[in-house]
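Heads up, the thing below is written out as structure tokens.
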Amino acid sequence: MLRVAIGLAFRSFSTCSRHSTKVSVLGAGGGIGQPLSLLICSNPLLSNLALYDVKDTRGIACDLSHINTNSRVSLCYSGSEELEECLKDSEIVVIPAGLPRKPGMTRDDLFNTNAEIVQSLAKACAKYCPTAKVAVITNPVNSTVPIVAEVFESAGVYDPRKIFGVCTLDTVRAKKFVADLKGVNATTLHVPVIGGHSGITILPLLSQITPKLSLSSEEICSLTERIQNAGTEVVNAKAGGGSATLSMAYAGALFTDALLRAGKGDPVVECAYVESNITEVKFFSSSLLLGPEGVTEHLGFGTLSAYEEDKLRALLPELDRNITKGLQFGKQ
Ligand code: NAD
Ligand code: LMR
């Protein structure tokens, strides 16, 4: 048995594993796309990594193809005429294509540009790899996931178990911020984060941290706000240079690893933003049991504290507006 040395929580693996999987990254040349492709390419459950971007990714593909993993990195695909070749036989498609925020912008301010990008990529996925699991990173996630769902629905190939908004960065941050505050190990904490992926729609369930930790109400308020505004913290720190890329690549690689492990039959529990009926809004992020076909079971969010119940009530109308905006755009 070997273990990947890059520090990600990839499981130990057998050198004679026979499972093979193709993953495509759309937007592979970007700030997230490049480190994400690097981390995915190191995943032992991968057999083929296909990189796509509207800009030339040949250099990136060549660079990655020199790493001594057992996976094969496909030559780059640039330009929409090459999307078919990239997507063909993909079991997982990860989408970080699109503009990032600058200081002063909300994620919703990205809608006008990114909705079109995601819609066109979703149309290609629905056509060339309709049964793939699609993991959407592009913001505003609260609206881009409904767009993908609507495109798949219109093409007659929608399977709600397989379309995901990646919210893993929220759980990664929640673990790190709690661990830093309380002086505990960030790698062994579990903090569920539910709702959506922007501002008040991000709701960390600090009453459900495991192993159990005691937090004062002031600590709960300040941690909740920090987790909700962590994306803006990075956007402001980068001062016009974009938003989170490295931490997002780490989180995106963790989520891809979860899909890869679930795909080969391991039961995996992960939070993600999917079509859901556990609240009155159509898409919601919560803990999910994942299996080979995607979501096997929605695990809900257990009993909330009074503080969390208030926050949940407050976030639902905003999340619903974001969802409606995405669904309406996706129908076009
Ligand atoms: P970036 O500008 O560095 O990279 C985006 C890449 O997408 C570029 O290489 C660009 O050429 C490519 N692209 C644009 N249109 C395309 C198309 N039609 N097809 C293929 N590729 C296309 O941006 P980034 O920092 O990598 O961020 C990407 C997106 O991820 C942004 O929308 C950002 O807001 C979002 N994001 C989401 C999370 C999350 O937690 N879900 C976290 C961080 C960033
Ligand atoms: C994040 O949470 O870092 C991303 O959604 C990017 C952003 O715009 O904040």
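Cβ atoms are placed via backbone N, Cα and C, with glycine included.
Between the candidates ARG107, ARG161, TrEMBL assigns the substrate site shared with ARG101, ASN139, ARG173 to ARG107.
Site annotation (TrEMBL): NAD(+) is bound by GLY27, ALA28, GLY29, GLY30, GLY31, ILE32, GLY33, ASN114, ILE137, THR138, ASN139, MET248, and the candidate from ASP53, ASP108, ASP257, ASP266 recorded at this site is ASP53. With a cut-off of under 6 Å between the Cβ and any atom of ligand 1, the binding-site residues GLY27, ASN139, ARG173 reduce to GLY27, ASN139.
Around the Cβ of HIS197 (active site, proton acceptor), 28 further Cβ atoms fall within 10 Å across all displayed protein chains. If you compare every pair of Cα atoms in ARG101, ARG107, ASN139, ARG173, the residues listed for substrate, the longest distance is 18 angstrom.
Of the listed binding-site residues, namely ASN114, THR138, ASN139, the sparsest Cβ surroundings within 10 Å are found at ASN114.
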